[in-house]
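First comes the structure, then the notes that go with it.
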Amino acid sequence: MFDVESLLKKLNVSEDKKENILQKEQLKKNLETLYTNFDTDNKLLFTLACTAPKKIDILIFGILINENVIKNDATLRASMKFAIKNTDVTYEELKDFILKNTKSKEEVSEIINKACLSGKSKKEVYIILKNKLPFEDSKYLMDEVNKFEIDTSKSKKVKDWLEEGEVSMLHKPGDNPQLNEKILKDHLERTGGKVVTRFPPEPNGILHIGHAKAINLDFGYAEKYNGICYLRFDDTNPRNEEDYYFESIIEDVKWLGFEPYAITSSSKYFGDMCELAEKLILKDKAYICELSNEELKKRRRMLSEAFETDKDKSIEELGLILSPYRNREISENLKIFREMVEKKHKEGDYTLRFKMDIRSKNPMMFDLVGMRIIDCDHVVTKDKYNLYPSYEFALCVSDSLEDVTHSFCTREFFTRQESYKWLLDALEIYKPVQWEFSRLNISNTVLSKRKIVPLKKYGIELDDPRLYTIKGMRRRGIPPQAINNFVKSLGITYAETIIDNKKFESFIRDELNKTTQRVMCVMDPLKIYIRNAKEQEISIPNSNQKIIFKPYIYIEKSDFKMEDDDKDFLRFTPNQSVGLYMFGAIKFIKFDNDMIIAELTNETPKKFIHWVSCDSIKVTIRLYDPLFRSFNPEEGNYLDNINLDSLKTVVGYCDDRIKGCEVEDKFQFQRVGYFCVDPDTTPENIVFNRIITLI
């Protein structure tokens, strides 16, 4: 009989993980399926068992791992994505997909060498390689990059945003004051004096450009000082959390080019938080309250308004009671709390509240809720708990348990500093320092999940290229390095402003100009027959590529004018020749059934234009404009401000250089703009998204 525990022991799985695995029936089934059929020493099978979506046939993947076709985590992730998109995929189809996308050692070496000699920084090179070699192991790529002495003298210098302003003068590890010397000494022994940061998203939505600023700060600060950064999920509200959001956030962070030291979650510490809550009760720093949420909010509001009116009076003088349960006996509090932990009460019966210093008159010190019952299973802990810590409890304790030295958060958390410090001192545990920075607000869009979700009724999903979600920007074709450079260019400030999206666009163009291949594409075709021309091969300058010229071509309708009434129009007219890029000049002969008859000429043209042969590749092109008409859609009802013409779809014709393109490949369509291959692409129809215009 299959013994899961023996297998986990053999694989050296930690006790925490083992306990979590043993609660998951599907995961145990996966392990049994794989390890009774294949080599029990292969740890990649364990990764497959833990990460496989229900939709895929894990036996097919197990066979491919066993045959060494799937060799690493990166190939496994990419092939699982393929299987999800292509339901009922066969062994042969999946194997063919992997082999087609797996580069030879020589090809990988060539791509790495070229990237490392590009003049970009190591981080930029790593991002390029991750995108070009998605089937290669991340650690291998980073090791290869680190072997190179990379010369960045060719690259555009970006100022070090962490060496300007207050962020450059933050405390060093060990300089942040603690309740006593022992706490500080123990902390430094655990960390070795390293900088420790964390990025703590809630897994209830997807990341956007504002998060990219926080990610760059959290990971960048740790990297600058040779420290570590955790990716920690703040998963304290099981009703709003989904597996998809956990996976999506990890994918987005890595796509931006950052590797967490470890991926953790507040739920990892739920047991510790129950013990710490008992400690607070025993110290008379917490109590069990029976007030409803509505009554609790009402009393907090009344107290806040009373302090505003009579600033010098105490709560006793005001005659207000925050909670009639505030002075409940410690033994009674402890008894009820233990019953809550044991699931003997239902949602709404009780909450654990901190017994804080109300004299501070800061609303964030009005006995915040520390733990509450939510009758809902958790994505990670399943049905182990129904008592969950509040955000205020979980963030502080998780920061402390992970020995975070610099706890970065946006400025609206400034009022929470006092409660943050109070709680950790009350618990007599290590206390990180919080430091606030301004949110990133960008023009012509909305960023919050609360405002993005209602856009669904307009057909706008979370990954819509018009949104500034990480998924949306990636789908549109915006390079991760452009996002990183943009947010770093803004610096770290406390003042909140709305940044014009045109500033962001300049970073996008700068990056795409350096990295995209130029091709020709005609989107509003006018047919021309060049009657004295012959089919021929044309070599592309500075490239080993060639395209075929044929006498029947398309040009843009806007490049031809029948009237000669505009002296500033220097392109094609009945009396003015025009140059065809990489070919030669043509002159107008006549119109024939909506087609121009032309001839090659030796005249020197005033302008050259792009063109394609009439049998070029037909493609679908999506032209995106800002989703909202106004600079700040937040003013008034943002839904009334939607630009209903922000997406136009046209048919275009591209030259043969796009053959073999893959999803997320990017091109510059000469004289038109930058475009990216969309996931809606099929073998029969390539779909392009316009990333941005040339100017």
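Glycine too: its Cβ is placed from the backbone N, Cα and C atoms.
The following features are taken from Swiss-Prot:
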- 202-204, 208-214, Thr410, 439-440, 447-449: ATP binding site (BINDING)
- Asp234, Tyr391: L-glutamine binding site (BINDING)
- 201-211: motif ''HIGH' region' (MOTIF)
- 446-450: motif ''KMSKS' region' (MOTIF)
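In the three-state DSSP classification, Thr410 (ATP binding site) falls within a strand. Each of the binding-site residues Asn204, Thr410, Ser448 was scored by the other Cβ atoms within 10 Å of its Cβ; the lowest score goes to Ser448.
If you draw a 10 Å sphere around the CB of Ile209 (ATP binding site), it holds 24 other CB atoms from the protein chains shown. Using a 10 Å radius centred on the Cβ of Tyr391 (L-glutamine binding site) and all shown protein chains, the other Cβ atoms total 16. Residues 204-206, 208-210, 468, 628, 633-634, 638 of the same chain, all 6+ positions outside the motif ''KMSKS' region' (446-450), place their C-beta atoms under 8 angstroms from a C-beta of that stretch. When other Cβ atoms within 10 Å of the Cβ of Asp234 (L-glutamine binding site) are tallied across all protein chains shown, the result is 19. In this structure, the CA atom of Ser448 (ATP binding site) is 18 Å away from the CA atom of Tyr391 (L-glutamine binding site).
According to DSSP, Lys213 (ATP binding site) is assigned to a helical segment.
Across the structure, His211 (ATP binding site) and Tyr391 (L-glutamine binding site) place their CA atoms 18 angstrom apart. Annotation: Lys213 carries the greatest number of neighbouring Cβ atoms among the binding-site residues Glu202, Lys213 [cut-off 10 Å, Cβ to Cβ]. Break the motif ''KMSKS' region' (446-450) down by DSSP state and the numbers are 2 helix, 0 strand, 3 coil. Asp234 (L-glutamine binding site) and Lys213 (ATP binding site) are 18 Å apart (CA-CA, integer value).
Under the DSSP three-state reduction, Glu202 (ATP binding site) is assigned to coil, being neither helix nor strand. In sequence order, Ile209, Gly210, Ala212, Lys213, Val487, Leu490, Ile499 constitute the residues six or more apart from Leu440 (ATP binding site) in its chain with CB-CB distances below 8 Å.
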